[in-house]
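According to TrEMBL, the features are:
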TRANSMEM  9-28  transmembrane segment
TRANSMEM  40-62  transmembrane segment
TRANSMEM  83-99  transmembrane segment
TRANSMEM  111-129  transmembrane segment
TRANSMEM  157-177  transmembrane segment
TRANSMEM  211-230  transmembrane segment
TRANSMEM  250-272  transmembrane segment
TRANSMEM  284-305  transmembrane segment
TRANSMEM  312-329  transmembrane segment
TRANSMEM  335-358  transmembrane segment
TRANSMEM  379-401  transmembrane segment
TRANSMEM  407-429  transmembrane segment
Amino acid sequence: MGQRLYKRGLLLSVGTGIICAAILYFGAPFLKDGDPNVITVLHALAWAVLVIPTMSLTRGFFQGYQEMGPSAVSQFIEQLARVIYMLTTAYFIMGKGGQGDWVYGVSQSTFAAFIGALGGLLVLGIYFIKYRKRLSYLSQHSANELVVSTSTLYKEIIAQAVPFIIIGSAITIFQLIDQYTFFRIMNAVSDYSTAVLNNMYAIFAFNANKLVMIVISLASAMAVTSVPILSEAKTRGDRAEISRQVTDSILLFAFLMIPAALGMAAVAQPAYTLFYHLSDVGTAILQFNSYVAIVLGLFTVISAIMQGIGENVLAVKYFCVGMIVKFIFQFPMVALFSAVGSLISTAIGFMVVNWLILRHINLEYGLDYRRINTFIGKIITYAFGTFLIAMVVTNGLYIVMDPASKVQSLLVIAAAVVLGGAFYLYFVLKSRLADEIVGARAAGLRRMLKIS
């Protein structure tokens with residue numbers, strides 16, 4: 001049944017991708033909203049739309065067999081390939097001073113989604129070949145007790161896909177709100193030129209976002225590996241197992257995301273200089289965006305959990321509430337804080353969604369908040385120490401190094417990451433905090449590093 005569902009879904013996903021890509025590509029002149037530059041960007045986006053449905057379906061296929069490795073690795077490779085392509089093209093197109101063809105630069109950043117999707121799909125293809133014999137064995141030895149008509153199958157696929165697509169596009173939808181409101185608000189409350197506004201928007205919507213998405217993708221991909229187990233526990237009605245798995249997912253996310261986000265904030269200046277150019281504004285926005293990334297990453301994890309326990313529709317309702325909150329705060333925040341204001345309204349919107357989801361999960365299944373609070377309290381302490389060390393290393397090295405040099409910025413990042421990371425690793429092992437995440441492997445790592 002599983003392989004039949006996948007084959008039928010594959011036809012639907014390929015067809016949907018072709019139709020939507022064609023609409024975007026050939027309909028671009030009608031969607032430009034008075035700006036001819038939008039046509040180029042929409043043409044670049046159409047390629048990603050062609051591939052992404054098939055990639056998402058294939059990830060779900062593996063998850064259905066409780067194989068989370070292919071999905072997690074694919075998601076990470078997708079984001080890694082996307083960001084590498086974006087940063088590389090941005091560097092060569094925009095130049096050291098950021099004065100290149102920004103329209104071509106943005107279109108290539110958009111096309112990077114297609115490159116990332118190809119990378120993710122390639123990984124899934126490799127795993128498909130690897131698991132081919134096992135999948136064939138399961139298919140041949142299936143009891144075939146479940147018989148569903150093709151029409152019913154397609155109806156069920158569509159019913160499940162719509163909420164999944166909305167939730168999966170949540171961060172992008174918030175970015176679209178920024179795209180269509182930021183310039184209008186700033187033109188209404190300021191006298192900044194179009195060039196200045198374009199630069200401000202590019203910094204928070206593209207430059208900083210590219211870097212923090214790497215961190216979000218890595219932490220989230222690892223934390224959502226429990227989704228198939230949640231689905232199985234939901235089917236059995238095992239509320240205690242659901243509570244335990246949700247708690248473990250949140251702890252794993254915090255274990256990875258909090259130090260990574262604070263570390264990114266600490267090295268914001270050399271990181272922004274390395275990939276773009278020295279900019280006080282860019283550094284400040286990247287720092288703030290690093291903190292916002294924790295909220296976005298948490299949403300990615302707990303929204304996946306909601307899907308795992310069959311609460312897709314409720315997750316969409318909560319997201320709609322968060323989107324309304326985003327709209328409410330958008331004007332005052334942007335008017336007061338310009339580019340940072342968009343990030344603030346995004347953070348507030350997703351914080352509301354996160355609170356609603358966590359409240360629902362706690363009411364339905366119960367969360368071990370005592371364990372969560374104790375665990376996260378320690379993580380924040382060690383992560384803050386990591387942040388301070390990375391900041392001291394960064395500022396100290398910049399006394400003797402050139403802040404505008406890309407090569408020297410890379411050296412600064414390397415030193416800060418090694419020393420800050422060593423601090424975090426030592427204390428999570430020393431305090432036995434890592435044992436809650438990796439179990440017995442933490443003891444082996446302690447012995448290898450001679451940590452008592």
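Cβ coordinates come from backbone N, Cα and C, glycine included.
Most Cβ pairs under 8 Å to the transmembrane segment (379-401), among the stretches 40-62, 111-129, 250-272, 284-305, belong to 250-272. Same-chain neighbours of the transmembrane segment (335-358): 170, 174, 178, 182, 185-186, 188-190, 200-201, 203-205, 281, 284-285, 288-289, 291-292, 295-296, 298-299, 302-303, 305-306, 315, 318-319, 321-323, 325-326, 329, 367, counting only residues six or more beyond its ends whose CB sits under 8 Å from a CB of the stretch. Against the transmembrane segment (111-129), the recorded stretches 9-28, 40-62, 157-177, 284-305 differ in Cβ pairs under 8 Å, and the greatest number is found for 40-62.
Within the same chain, residues 5, 8-9, 12, 56, 205, 209, 296, 299-300, 303, 306-307, 312-313, 315-316, 319, 323, 326-327, 330, 346, 349-350, 353 sit at least 6 positions outside the transmembrane segment (157-177) and bring their C-beta atoms closer than 8 Å to a C-beta of that stretch. Panel annotation: around the transmembrane segment (312-329), residues 160, 163-164, 166-167, 170, 173-174, 177, 303, 306, 344-346, 348-350, 352-353, 356-357, 360 of the same chain, lying at least six beyond its termini, place a Cβ under 8 Å from a Cβ of the stretch. Counting Cβ pairs closer than 8 Å and at least 6 residues apart in sequence, the transmembrane segment (407-429) and the transmembrane segment (250-272) reach three or more and so form a contact.
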